[in-house]
Amino acid sequence: MKYIGAHVSAAGGVENTIARAQAIGANAFALFTKNQRQWQAAPLSEASIRAFKLACEKAGFRPEQILPHDSYLINLGHPDPDGLAKSRDAFLDEIKRCEQLGLCYLNFHPGSHLKQIPEAASLTLVSESINWALERSQGVTAVIENTAGQGTNLGWSFEHLATLIDGVEDKSRVGICFDTCHAFAAGYDLRTPESCAQVFADFDRIVGFQYLKGMHINGAKCTFGSRVDRHHSLREGNLGEAVFHHIMNDDRFDGIPLVLETIDETIWGDEISWLRSLAKA
């Protein structure tokens with residue numbers, strides 16, 4: 001089964017995300033468990049945790065249908081020891097929040113070398129940061145997102161992702177979230193059925209489909225290979241529709257959250273319905 005949804009607002013409490021997902025016809029969703037643009041946040045209240053779990057149970061959302069995202073401030077490959085320590089502490093806090101909510105994934109951008117250390121050294125720091133956090137937690141899988149490669153961001157190439165996974169000691173608790181817009185911006189051509197098949201064959205060969213835990217389903221305002229991160233609605237922009245047809249008709253994308261981060265939330269319900277319509281009977 002395809003689990004399709006969007007990154008919904010947690011305004012007013014994480015327990016409110018479930019109703020927002022249901023309102024757009026979703027059977028998957030993403031959320032922030034805290035303000036994504038602040039380092040510190042109040043702990044989740046027991047009341048919020050109970051309400052979230054109860055709402056998920058009533059609506060039929062299991063942990064594998066939900067893809068929490070961490071703060072944009074965190075940089076697990078930070079070249080400065082103080083910045084790295086701050087990022088690691090914040091990342092562990094995010095994992096602990098997922099633990100409290102009974103969730104099994106935490107999606108995150110790997111980090112950036114900031115032009116201060118070699119790329120390879122920063123990739124090693126990211127893997128070491130993941131190991132550090134996993135040793136201090138349980139039950140939550142660290143889900144690395146491929147990036148557009150904007151600036152000095154790591155994780156834009158399949159080789160980067162494979163290197164990061166290779167450095168993680170507990171392979172059962174690491175995975176990948178594949179973002180269609182980011183891949184396109186990074187130079188992976190998803191515009192035709194043939195090129196889609198090739199990209200996903202390369203992904204399987206270099207990274208491995210066994211590590212795919214979720215996807216971000218996005219159109220692209222950016223141009224191909226531009227290394228610029230600019231999302232668009234699914235049927236607008238430069239990416240085209242071939243990749244969405246491919247995803248909806250390939251059972252390797254079953255059973256994982258397929259999450260919209262498209263730019264017009266007023267049409268998320270329509271986009272979800274359209275994606276479902278692409279599946280061949």
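Just so you know, the numbers here start at 1 and follow the chain as drawn.
Backbone N, Cα and C define each Cβ position, glycine as well.
A quick note: this is a predicted structure, and the numbers were derived from the prediction, not measured.
His69 (Zn(2+) 1 binding site) falls within a strand when secondary structure is assigned with DSSP. Every protein chain considered, the tally of other Cβ atoms within 10 Å of the Cβ of His69 (Zn(2+) 1 binding site) stands at 24. Look at Swiss-Prot and you will find His69, His109, Glu145 tagged as Zn(2+) 1 binding site.
Under DSSP, Glu261 (Zn(2+) 2 binding site) is assigned to coil, being neither helix nor strand in the three-state scheme. Sequence annotations record features per position, and here Swiss-Prot assigns Zn(2+) 2 binding site to Glu145, Asp179, His216, Glu261 based on sequence analysis.
Classification of His182 (Zn(2+) 3 binding site) by DSSP places it within a helix. In sequence order, Glu145, Asn146, Thr147, Ala148, Gly149, Trp156, His216, Asn218, Asp229 constitute the residues six or more apart from His182 (Zn(2+) 3 binding site) in its chain with CB-CB distances below 8 Å. Per Swiss-Prot, the feature Zn(2+) 3 binding site maps to His182, Asp229, His231; the stated evidence is sequence analysis.
His231 (Zn(2+) 3 binding site) carries a strand DSSP state (E or B). Here His69 (Zn(2+) 1 binding site) is positioned 12 angstrom away from Glu261 (Zn(2+) 2 binding site), judged by their C-alpha atoms. Here the Cα atom of His231 (Zn(2+) 3 binding site) is found 10 Å from that of Asp179 (Zn(2+) 2 binding site). Neighbour density at the Cβ, taken as the number of other Cβ atoms within 10 Å, is lowest among the binding-site residues Glu145, Asp179, Asp229, Glu261 for Glu261. Cα spacing between His69 (Zn(2+) 1 binding site) and Asp179 (Zn(2+) 2 binding site): 13 Å, rounded to the nearest whole number.
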